[in-house]
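*Asks:* Could you have a look at this structure, given as structure tokens, before my questions?
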Amino acid sequence: MTESYLKDKDFIKIQRLNSPRNAEKRKSLTQTDIDIDKLTSQLANHSPSNIRSSSSSRAQSNSGSNVNTKRQSLNDKEEEDKDAVLLNDKVNEKLLEDHAQLVKSRYKVRYRNDRVISYFDDVDFEYRPSILDGSINEPFRMSFEGPTLEKVIKIQEKAKRSQLRREKFPQVASKEDLDKNSSNSSSSDNLIELETEMNEKGYMHEQLVSNFSGLYVALWMAIGLGVLRVLVDNYIDDDGSLMNGEIMKFLRKDLFKVGFVDLCMYLCMYVPFFIHWLAKNNILRWNSIGWKIVSVYEFCFLIGFIYLPEHVLNFHWIAKIFLFLHSLVILMKMHSFAFYNGYLWSIKEELDYSTNALAKLEKEPPIEKDDHKSNEVKEIFQKSYDFCTFELNSQTHDESQKFPKNINTWNFFEFTMFPIIVYQIEYPRTERIRWLYVLEKVCAIFGTIFIMILNAQLFMYPIAERALMIRDSEWTGIIDRLSHWARLLIDIIPSFIVMYLLVFYLIWDAILNCIAELSRFGDRYFYGDWWNCVTWDEFSRIWNIPVHKFLLRHVYHSSISAFNFNKAQATLFTFFLSSVIHELSMYVIFKRLRLYIFFFQMLQLPLVAIGNTPQMKKKTILGNVIFWIGICAGPSVLCTLYLTI
């Protein structure tokens, strides 16, 4: 029986998944059935049946020439069978030696320090608030006490006077002072320890602790008053109407058509779910045809929803870029759901095969001259069983949702509602919906959109019109065109910085937190403190956490697994794919393929290398200044380039 497993294609697949050539590669969600048929056919050529068939054919040819010598032909056949058995033993011995090496390599792929490594350890979800909520909003609401600096100064002065009396005039220290000292001993001791530490570090003689919560209120007051002034001026200039601006006309145009197309995109999202439902009901196999259908469908989905708004429905640029960005979100959700469960189908098939094999080996132990061979096979199946069991059971603790039970309508619907694009069976969830928090975020969404409209209409749209006039004017030379471009750049930078920050706050804080609260999604870590970045690789990781998680799992790690890339090549491929998508978004807006943003995106790679040099790592303030120069100037440079040149 051991020999039969050595030639079984499923057993060969289990070995190949743990081959030494992939030992140092990080596996991820990718299709792995690539060379199995070829490898199986090669090994099948060494099977006893094939050897016997070739032997029998030779025997038949010999018997045909000696039809009158039946006994001689029988003897020849027996000799040929003996030769076939000897040859088969040599082949199996060589295979077993290879299997022993494959078993050892399994520890490098699926184990680390005798600990099982899940393929999903690259992405994690926990109960976390957003940075603005956790650092500003919630502390401001819960612990704001008004001025605290004066209280701190008085406590410090009182502690120092008491200490001075104890040291220099212990005989005149009153009992009342000592009692008061003892009551405040803990606070004064803490202040003295902190003061000593700060003196040793050379910062300052006294610590002055305060907060800037009042300035936080003043900031929102300034924004509100500024918006009010713009509203009044716009109301007077437009003869009492605030709805006549070009931006508002764009937003009102084809509103219901855009909503209907967006709904159709969402419904198209259920096609990969249907494919897995068919696999769950044994109508098709994911590893044979399912992944091919989904891959072709994803490509057609992306191209179709780029072509439809542009060439069929003739939407304006705001509608086109909205539908394009939302189609990317849906595409990433579909891909993550499809290939997460596709990987688990492979694990489940491997588990079923290993379980049946172990049961047969235990029930009918093979009779071997050397028990070492059967032990090697059993060890392979046992390790496969242990890993696959861990991988399937570690995805969720809910028995009703363990794979493939998670492939149900409600689970997929919840995933489509979550503000995340990386699929897993379960996520951290909050206990209830805070409706006042939802109301706050809804007001923030519409308020931010309104400010964005005003900024675009009053400050950015006139500059864009000037840029289009320059682009359509008669060509007067590169120097003249660059001088006009420089003037446009200087004019648009302030409003573009405001728009950049408003878009970030609208999407990654207001909208995602509102959706998270309504869906009771517990992990609100949608962005990091990117404003403190000193290198561009930090910015690429933390400014958009949901997309970063997707690229990490389904692009970076999958490229290592599928194409045998090293880390540098996988990083380059990830940046390249991201640059192509950004350039495609510019094509949707401007209908011009200029590769400006592609070049700027790829330029981050040498900037990352420069920022990680020992000289630059020590100069964090300079790094942050350079980073903010890029943030302030980069989007404006790109916009004016696409508009004018």
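Cβ coordinates come from backbone N, Cα and C, glycine included.
Nobody curates TrEMBL annotations by hand; they come from automatic prediction.
Sharing the feature lines straight out of TrEMBL:
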REGION    42-83  region 'Disordered'
COMPBIAS  45-66  compositional bias 'Low complexity'
REGION    166-190  region 'Disordered'
COMPBIAS  166-180  compositional bias 'Basic and acidic residues'
COMPBIAS  181-190  compositional bias 'Low complexity'
TRANSMEM  208-232  transmembrane segment
TRANSMEM  258-277  transmembrane segment
TRANSMEM  289-308  transmembrane segment
TRANSMEM  442-464  transmembrane segment
TRANSMEM  484-508  transmembrane segment
TRANSMEM  570-589  transmembrane segment
ACT_SITE  H582  active site
TRANSMEM  625-643  transmembrane segment
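Describe the structural context of each listed feature in the structure shown, including burial, neighbouring residues and relevant distances.
*Replies:* With a cut-off of 8 Å between Cβ atoms, the residues of this chain six or more beyond the transmembrane segment (208-232) that come close are 136, 140, 144, 147-149, 152-153, 242, 450-451, 454, 458.
Under 8 Å from some Cβ of the transmembrane segment (570-589) lie the Cβ atoms of residues 306, 310, 317, 320-321, 324-325, 328, 551, 555-557, 559-560, 563, 595-598, 601-602, 604-605, 638, 642, all in the same chain and six or more residues away from its ends.
Sequence-distant neighbours of H582 (active site) (same chain, 6+ apart, CB under 8 A from its CB) are I597, F598, Q601.
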*Asks:* Mind pulling out the one from 258-277, 484-508, 625-643 with the most Cβ pairs under 8 angstroms to the transmembrane segment (289-308)?
*Replies:* 258-277
*Asks:* Using a Cβ cut-off of under 8 Å, list the residues of the same chain at least 6 residues beyond the transmembrane segment (484-508) that approach it.
*Replies:* 444-445, 448-449, 451-452, 455-456, 459-460, 463, 466-467, 470, 526-527, 543-544, 631-633, 635-637, 639-641, 643-645
